[in-house]
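Reading through the structure tokens given below for one structure.
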Amino acid sequence: MIRTPVLNKTHLLLSTKDPKLTEFDLRLKEQECLSLLKRCKSMEELKQVHVQILKFGLFWDSFCASNLVASCALSDWGSMDYACSIFQQLEEPGTFVFNTMIRGYVKDESLEEALLVYYEMIERGIEADNFTYPALLKACARSLALEEGMQIHGHIFKLGLKDDVFVQNSLISMYGKFGEVKHSCAVFEQMDQRTVASWSAIIGAHASLGLWCECLILFGDMSSEELWRAEESTLVSVLSACTHLGALDLGRCTHGSLLRNISGLNVIVQTSLIDMYVKCGCLEKGWCLFQIMAKKNQLSYTVMISGLAMHGYGREALRVFSEMLEEGLVPDDVVYVGVLSACSHAGLVNEGLQCFNTMKFEHGIKPTVRHYGCLVDLMGRAGLLNEALKLINSMPIKPNDVVWRSLLSACKVHHNLELGEIVAKNILQLNSRNPSDYLVLSNMYARAQRWEDVARIRMEMVRKGFKQTPGFSLVEVKRKVYKFVSQDTSHPQCDDIYEMIHQMEWQLKFEGYSPDTSHVLLDVDEEEKRQRLKAHSQKLAIAFALIHTSRGSPIRIARNLRMCNDCHTYTKYISIIYEREITVRDRYQFHHFKNGTCSCRDYC
């Protein structure tokens, strides 16, 4: 069942113990051979020790043979083929040797062989122990063998190892890798004794599914026990959660934990920190960390370029890209996605086209559909809708729904319903299951007051079972993240929030603000439209933050949808009236509002 041995003649060297040697002499020789094994640094050296073991008849000593297999299977310079040949010469290998072979195969990424060794172990009646299953469950996770993993979980129950903490941690990690977070939680909740690895495993399981709020809740529970010092992997998962939720204060605390607990942050962790800061709206801090990095890699530059792009600093992103080239780092297709995105967000049409040609002709990178999507977005934002359509029609690869969707969004922004209908038709021909495609077209019809077409599109959505994703805004206040949806009345402080909204609107009137009701795409009267506008999720989040934060402190909001023009104008005025810096991350980019202006220069 195990890989065919390569040393078929090994048995010819086997010998019995030399009768001239006393038991004491044999023990000395054994200790000498074991000492030599520990000092081996190559297969050649190990083979010489192997010969000595055979020469003195020590091979049949289970302890000596086990160490020989372990040195061969688990060393960085070892050989699983050689280890297998030794293993097959053993008449009665014990649990330790089987565990060693399983660990060796997992280390060697020979995952199927690891499972086969376990099956042989069962067939030969060798009892597994708590050291068998961590490596075995890792093999199941890496080979996507969920069914086998669940069967092994059953074996663990039968052997009475379900309460072993190392086995439980491995089960949590395995189920997490398969996205079976309910099973991970079930194991975690049944644990009588948890370790820092237990917390790391359960937090990692939630992070792998993008359950970011749950990650932070678990990290809070872990921290409240004050017994554990978080591992690096745990803190990186928490950083990812902060990045996705826009939780800057929590991200800063995590940064502090890393500095206190980890000596010398590696490039991956440093890059994760940069990513967190720039995606939480603190570009300056991300830039400072980037500047002081002793060694930058391709990913570090990609994160910084993409971060500058999101914040609308296109020219700065191009300068960082030039610095990367000067450092001798070769750009890949992912870096160029960031570069083209930077040009798109800043309206650098000519520069974007030049970068696209440089990518193709100088760096020999074949454009992917993502690169063409960036170009379409670049042209669409600039209002070059017909040029964008020509580009799509001339693409050497078939455009996907994302490319067409970029143009549809541009048609909505520039109020080109005629072209929007053509683009929507192409998207629907691709059998798109994205309800936003129908919603964008419906909204364009509503803006043109074609209510019959609005009803037709909405009925089509109902017929196909599509549901509209509600818009929401997240705001961090005192290290907690609060979520608001449009027209939200579920918050415990709902009355205070709407009273604040009323005060804000009273102040806005004196600044000349007038609600842009054209963004309420419903067939209702003007008063109803104004009422709906004032309860947009972003405005509720701002009101809540103004109530609960000190004067002059910044406000940071993350949205799941693009910001409407009315919210954009509204937030500019609020930044003047209340003297606040307000950062909003929507689905496409960052907007930094200060003193009545926005960093996007109204190019959104």
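Keep in mind that glycine also has a Cβ here, set from the backbone N, Cα and C atoms.
TrEMBL annotations: computationally assigned, not manually curated.
The following features are taken from TrEMBL:
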{"type": "REPEAT", "residues": "94-128", "note": "repeat 'PPR'"}
{"type": "REPEAT", "residues": "164-198", "note": "repeat 'PPR'"}
{"type": "REPEAT", "residues": "297-331", "note": "repeat 'PPR'"}
{"type": "REPEAT", "residues": "434-468", "note": "repeat 'PPR'"}
{"type": "DOMAIN", "residues": "512-603", "note": "domain 'DYW'"}
For this session: Could you tell me what the rest of the chain brings near the repeat 'PPR' (297-331), counting residues at least six beyond its ends with Cβ under 8 Å?
Result: 267-268, 270-271, 274-275, 278-279, 283, 286-287, 290, 337-339, 341-348, 351, 355, 359, 363, 365, 585, 589-590, 592, 599-601, 603
Exercise. Reported in the order helix, strand, coil, what are the DSSP residue counts of the repeat 'PPR' (297-331)?
Worked result: 26 helix, 0 strand, 9 coil
Problem set entry | Helix, strand and coil totals (DSSP H, G, I; E, B; other) for the repeat 'PPR' (164-198) | 25 helix, 0 strand, 10 coil
